[in-house]
Amino acid sequence: MYSMLEHDMKSAVPPTHQSAQGMTQLNGGVTHGSAKPAVNSQQQQSSDPMDKVKRPMNAFMVWSRGQRRKMAQENPKMHNSEISKRLGAEWKLLTDAEKRPFIDEAKRLRALHMKEYPDYKYKPRRKTKPVLKKDNPAAKYPLSAGNLLAAAAAQGSGGSPRMDSYGWGHTGGYPGMQTDALGYSQQLHRYDLSALQYPSAMATAQTYMNGANSYNPMSYSSTPQQPSPVMSMVKPEQVSHSPTGAHSHQRGPLQGDLRDMISMYIPGGDTTDSGAQRGYSNIQQHYLTGTAPLTHI
């Protein structure tokens with residue numbers, strides 16, 4: 001019984017070994033077959049042999065070949081670029097008679113090169129230059145006009161109050177608007193100077209603009225009406241500048257205007273000065289006692 005089992009086991013082992021050998025042969029064939037296209041692709045990628053051919057040397061290269069070696073031995077720490085600069089300077093100092101043998105040697109080498117490689121064509125290689133970072137003008141000139149305008153635009157449409165006070169106008173305005181603002185500020189200064197020259201006319205204008213203060217010593221509110229600075233500056237332009245009778249000449253039209261104002265508030269009343277004073281006294285009593293005046297009914 002044991003002999004039969006051993007016979008069965010021995011008979012079962014060789015087929016597995018043969019199958020393993022067959023698999024290795026198949027794998028080997030596959031790998032061998034795949035290696036051939038790789039070799040062919042490398043052969044196809046091989047560049048033209050003419051690309052490896054060097055250009056023939058010119059006269060300077062023929063002369064500098066020996067001089068470069070000599071200078072490198074004398075100065076072992078010198079860089080190759082520095083050696084080339086010095087050799088170029090020395091080559092320019094040579095006379096035509098000294099350059100003649102090297103020029104003839106360069107012609108001979110060129111003729112030999114054309115004979116060996118008749119189909120040779122020089123194909124210069126383009127060197128990739130590193131992209132240089134452009135200098136930012138804003139970094140160089142932080143206080144330029146363009147940067148100031150950009151900073152003002154970033155603050156919004158309102159602009160900077162400091163810039164507006166100097167007559168620049170709103171942010172982003174056109175040059176015409178800016179010139180108008182500058183001209184307006186100059187006009188204000190001109191009116192201001194004229195007001196300083198005529199203080200009596202200035203006082204009369206303030207009295208006309210705030211007529212209630214001339215009749216009523218008390219102010220009706222904590223914030224009384226005050227003439228705007230622009231109107232107080234512009235008003236002296238309209239007043240006659242006669243130095244002799246300026247104040248007496250203006251009282252007539254001013255009183256007429258006050259009568260018109262009184263007639264607006266007190267309809268049907270007398271338009272004389274006494275009626276105006278009674279109307280203002282009644283108004284004062286109204287504000288003091290809180291009762292409505294009945295004289296105008």
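In case you wondered, yes, glycine gets a Cβ from its N, Cα and C as well.
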Look through SER160, SER242 and state which residue has the annotation phosphoserine in Swiss-Prot.
SER160
For the DNA-binding region (53-121), provide the mean pLDDT of the predicted model.
91
